[in-house]
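These notes concern the structure reproduced below.
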């Protein structure tokens, strides 16, 4: 029994490749000869092939209904013997002889089948095109089957829908019908489904563009709203696996289609829960997609709107597209071939528009608009718009490439010419040393005295530079190194002037007071005059901000006739900022020291290391370690910068450092310095400095003379006492500058008001005179109208000629200024504003607040009559300012209530040392009271809270020890301390008073707060001798060694009986409460 070849081919497409039937069918299909198919196989192993065969028969019937033919009927309806064989597939064959007898008959049947097969295929293709499907392109399915024809899926005649097809989303630009495209699939389920539809010989799927490009990449459509409704119906041409897990599909868009219904994996799972019947599962041809975890969609073919090819609008658009496409071709043969292929489609405007949309690289959303456009004229217009943008971008790209190519050619030409000239000069023996970049460095060397090591480094780098190519990147590195090396003032020194008289005059001129500082500086200069040098000295000016440390360094430089350079240390945290970076780093430069020498242009300047206590030590102190070498006289004669990499002698440099707080400087670095204390100024010193320096400077900057604005001594004193209580003068300078600024404003407003008044009076006078002139002119009008013109006088002629010559000169000046690029306003400076001498302002204590605002310090003391438990201590801040520090102690609960817990807690941003000092004071006070006043049981029940005001300011140090003790003793005996007594000193648990620092500043702070008595440790009594009498005036000093001496001075009226019985009643109440509780 033989089957027609067409049916064999259909079965080969549907049959599993590994089965016996599939192998035989594939062999018979791939063979050019008609091979018989003996029915001796076990059909039970290939039931799917027979089901596929029945589907083919059913499909061919539906396709062939429109154009029936006898041959198609013969092909779709097998003979009765075939049916019998299908009903009984296991019927054995007859013997070989009967089979051989029918051999000629079989050959005839096969030849007829071949004819019928070809005609049937033509009929199927025609039918598919009539039902809305597009003819598939030529190609094969990955080489599995050489035959190119695939059965087209039918469109339901009632609904006009295709059966459900595999639906795949696409985030890239959507494809348009007629142009193949490629997609990568990574979802294993989708890959399995593609294999399935290929095996089923239904290699079709639908592709829809994703609306939101930010959605995660997926090969399954999870929501219908996530994709556009219009997509493309595609056929698989070829598929490959470029790498594991990636499946590449080459598809051919057949036609546009509209999404009607989408089934997602989630919706399919819900449907499965209802357990559909077997008939429902086989209700459509592609029902096998239900078993796969993919999305499939029911789509409807979309046809273009009717149009007229001969329409003028369409023809114009087509011609415009064709013209622009010819310009897009360029010089690329592949692009020319593609564009030629597209221009062949101009007879079909619809396909031509799709071709243009597929060719250009436009926005995916714009391409989707072309896909969704069914009006051909609109589609052509949108394609033309995108093509214009593409052409413009292409022209810009081409122009850019051309410009770059031209520049590269010019560069190569110049390079060739330079090298050619260089070679000619070399052949001719012409020296080119004058043209070398090293000539300027050689000129510098004539004025320098380089060390032997530096000269070797210079010669080596110079030779390296000469041998390098002109365009080498190393050339700039070598040139920059030689520039720095020759910028160091090797062997250049300024002559020192050791004139004590001149130095004293300079110091007195620039600074008032600071007698100790001036004496130390003059001693330093005198040592230099005796020894002939000042090498090896490192001075450190330590004191509060605004006390003139930087200006003192400038005065020293002027006195010695040395260059002055300043290096600010604020924020320096890296050693490379001091010693430079090595040349291996890109953009490396020398450190601050070499840069300062280059700026000074001498090897012995005065180098100010400003704010050395602000060095950042957070990175292990790298910068501080570098200064150990720089500021050590034994080492700085061979300082090596990382960039220069040559020893530089810094022993002739006079280093002067400034610091606000010496505690922030590392101890090894502090030991190398000679410390000079620059203490704060007294009020009298501030007044004199303001009169001598600050007021004249502020007056000059404001453009006012000192006789226009006068500030009395009382005003300056009030300004210092009520606004500026710090040790320095910076705030005083700011406020004086503000006074002159507001005074200038008031003076200008007063002058402008006067001028406005005068101008109004002048206008009134001019109006009156003009009225009189009008009356006189009317009276003489009749006489002058009949008079003959009189000849001009010689005076009038000379006046006119003078005016004319001035105009000519003015015109020439304007032309000259115009040629020089200067305007007339630039040539004429603004005239200085002249202030009349009768305008004067006087700044008095009464009107001072009109210029600087309300007073900051309204009273000298916080407590005029302090309550028990309040003591006045003295503090010394890191900025160098002395201040009063109040210690307040209270009882949180009354003694008689018995609700408090005996003990003490402290507040006020106290750090560890100060907390320990308070704890020591509490322990000593308990011991002191128990020893001297045993009947005073205060500490048995007292819950004490100790506080230091200004809680936002951190406080630390041991100097408040006796202040804590006095506050607790005052609370224990319930007696107040004198308001004008301040104290400072560290306390021990035995009552010994130990020395503290900053006595001078603390004295100034005590005086500012109205304290006239200061208790201090006896061990620092000798420091009083060094403090100026002006600071000590009006203050009584009480040196103490033990706390008992402090107690006797601050509580002179305290008796033993009073101190023992002060809390007697409260403890009686407490005892009675305790007894009642026991009962």
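Placement of Cβ uses the backbone N, Cα and C atoms for every residue, glycine included.
The annotation transit peptide is assigned in Swiss-Prot to 1-60 on the grounds of sequence analysis.
Under the heading compositional bias 'Basic and acidic residues', Swiss-Prot lists 61-116 (among others).
Sequence annotations record features per position, and here Swiss-Prot assigns region 'Disordered' to 61-158 (among others).
Under the heading compositional bias 'Polar residues', Swiss-Prot lists 117-131 (among others).
Residues or ranges marked as compositional bias 'Low complexity' by Swiss-Prot: 132-143 (among others).
The annotation domain 'Lon N-terminal' is assigned in Swiss-Prot to 165-391.
What Swiss-Prot records for 262-281 (among others) is compositional bias 'Basic and acidic residues'.
The annotation region 'Disordered' is assigned in Swiss-Prot to 262-285 (among others).
The ATP binding site annotation in Swiss-Prot covers 543, 544, 545, 546, 547, 548, 549, 550. Other Cβ atoms within 10 Å of the Cβ of residue 543 (ATP binding site), summed over all protein chains shown, number 26.
Residue counts for the compositional bias 'Basic and acidic residues' (756-765) under DSSP, split into helix (H, G, I), strand (E, B) and coil, are 10 helix, 0 strand, 0 coil. Annotation comment: Swiss-Prot describes 756-765 (among others) as compositional bias 'Basic and acidic residues'.
Annotation source Swiss-Prot lists region 'Disordered' at 756-832 (among others).
The compositional bias 'Low complexity' annotation in Swiss-Prot covers 768-779 (among others).
Annotation comment: Swiss-Prot describes 780-802 (among others) as compositional bias 'Polar residues'.
The compositional bias 'Basic and acidic residues' annotation in Swiss-Prot covers 803-818 (among others).
The active site feature in Swiss-Prot is assigned to 959 (among others); the stated evidence is sequence analysis. DSSP assigns residue 959 (active site) to coil, not to a helix or a strand. With a 10 A radius on its CB, residue 959 (active site) counts 29 other CB atoms from all the protein chains.
Residue 1002 (active site) has a Cβ environment of 27 other Cβ atoms inside 10 Å. The active site annotation in Swiss-Prot covers 1002 (among others).
For the compositional bias 'Basic and acidic residues' (756-765), same-chain residues at least 6 beyond its ends with a Cβ under 8 Å from one of its own Cβ atoms do not exist. Here residue 1002 (active site) is positioned 18 angstrom away from residue 546 (ATP binding site), judged by their C-alpha atoms. For the recorded site, residue 544 (ATP binding site), the DSSP three-state label reads coil.
The highest number of surrounding Cβ atoms within 10 Å, among the binding-site residues 547, 550, is found at 547. Straight-line distance linking the Cα atoms of residue 548 (ATP binding site) and residue 959 (active site), rounded to a whole number, equals 28 Å. For the pair residue 544 (ATP binding site) and residue 1002 (active site), the Cα-Cα distance reads 13 Å. Note: residue 549 (ATP binding site) has non-local neighbours 541, 542, 543, 658, 678, i.e. same-chain residues 6+ apart with C-beta under 8 A of its own C-beta. When the alpha carbons of residue 547 (ATP binding site) and residue 1002 (active site) are compared, the span between them is 16 angstrom.
Of the recorded residues, residue 1002 (active site) and residue 959 (active site) place their C-alpha atoms 11 Å from one another. Just so you know, of the binding-site residues 544, 545, 546, 548, the Cβ with the fewest other Cβ atoms around it within 10 Å is the one at 545.
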